[in-house]
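> Pulled these features from Swiss-Prot for this protein:
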BINDING   12-35  NAD(+) binding site
BINDING   Ser140  substrate binding site
ACT_SITE  Tyr153  active site, proton acceptor
Amino acid sequence: MAFTLTNKNVIFVAGLGGIGLDTSKELLKRDLKNLVILDRIENPAAIAELKAINPKVTVTFYPYDVTVPIAETTKLLKTIFAKLKTVDVLINGAGILDDHQIERTIAVNYTGLVNTTTAILDFWDKRKGGPGGIICNIGSVTGFNAIYQVPVYSGTKAAVVNFTSSLAKLAPITGVTAYTVNPGITRTTLVHKFNSWLDVEPQVAEKLLAHPTQPSLACAENFVKAIELNQNGAIWKLDLGTLEAIQWTKHWDSGI
């Protein structure tokens with residue numbers, strides 16, 4: 001079902017990162033009511049740039065580390081919901097590309113995303129009288145087919161795809177729909193910092209960037225298109241400037 005972003009309230013976790021910042025800029029062109037950015041590091045210059053793009057949109061920043069306990073996330077969300085009354089979309093975009101830091105990669109890329117999602121269900125779940133909502137989780141094409149030299153990062157992104165697909169199937173119960181956007185290799189500062197697990201490929205970043213990539217802006221444009229298409233359960237591939245819905249092959253069914 002097509003979705004208009006006009007006059008909507010959006011929370012964007014990691015909305016100041018490489019792809020995140022360009023996506024925030026694209027979102028502002030859609031005349032949101034509020035864009036709430038949650039990020040670990042405050043960037044006043046970036047916030048000022050965003051506010052200047054569309055003065056009609058209220059841009060607010062809160063410091064947020066996705067690795068905090070759920071109780072802290074819930075406390076922050078209470079503050080946001082008290083101010084805005086309603087939130088329409090949550091974008092979970094926090095991610096690191098560092099297979100040297102195993103625990104932190106899992107905590108940021110997967111556990112933090114799950115915890116942030118779990119926390120917002122307190123406010124959205126229709127079983128608790130909530131209005132429902134839309135969750136957009138940022139995965140990666142490595143969630144489909146791993147970059148085997150970075151198995152920790154790739155594994156977290158596969159987990160994001162499966163978690164989000166489960167959320168989508170739970171929508172009749174919770175009232176919350178969900179989908180993933182999965183960028184291909186995108187030219188950001190993060191990619192240059194890519195390193196491999198146990199240094200199995202010391203030049204993994206250089207080798208990846210030797211292949212065709214996409215600019216962050218092209219990815220951001222398709223990112224917002226995916227949000228507007230609003231297909232519950234969709235697995236979007238954002239690669240080389242294109243937007244494509246992936247058809248996931250079913251090899252097993254739980255039967256429940």
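Residue positions begin at 1 at the first shown residue.
The backbone N, Cα and C atoms fix where each Cβ goes, glycine too.
Give me the local environment of each listed feature.
Around Lys33 (NAD(+) binding site), the same-chain residues six or more apart in sequence whose CB sits under 8 Å from its CB are Asn7, Lys8, Asn9, Val57, Thr58, listed in sequence order.
The secondary structure of Ser140 (substrate binding site), as reduced to three states from DSSP, is coil rather than helix or strand. Sequence-distant contacts of Ser140 (substrate binding site), defined by Cβ-Cβ distance under 8 angstroms and a gap of at least six in the same chain, are Gly95, Tyr153, Ser154, Lys157, Val160, Asn182, Pro183.
Neighbour density for Tyr153 (active site, proton acceptor): within 10 A of its CB lie 27 other CB atoms from the protein chains shown. In the three-state DSSP reading, Tyr153 (active site, proton acceptor) counts as helix.
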> Would you identify which of the binding-site residues Gly15, Gly18 has the most other C-beta atoms lying within 10 angstroms of its C-beta?
Gly15
> Under a three-state reading of DSSP, tell me whether Leu27 (NAD(+) binding site) is helix, strand or coil.
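In three-state terms, Leu27 (NAD(+) binding site) counts as helix.
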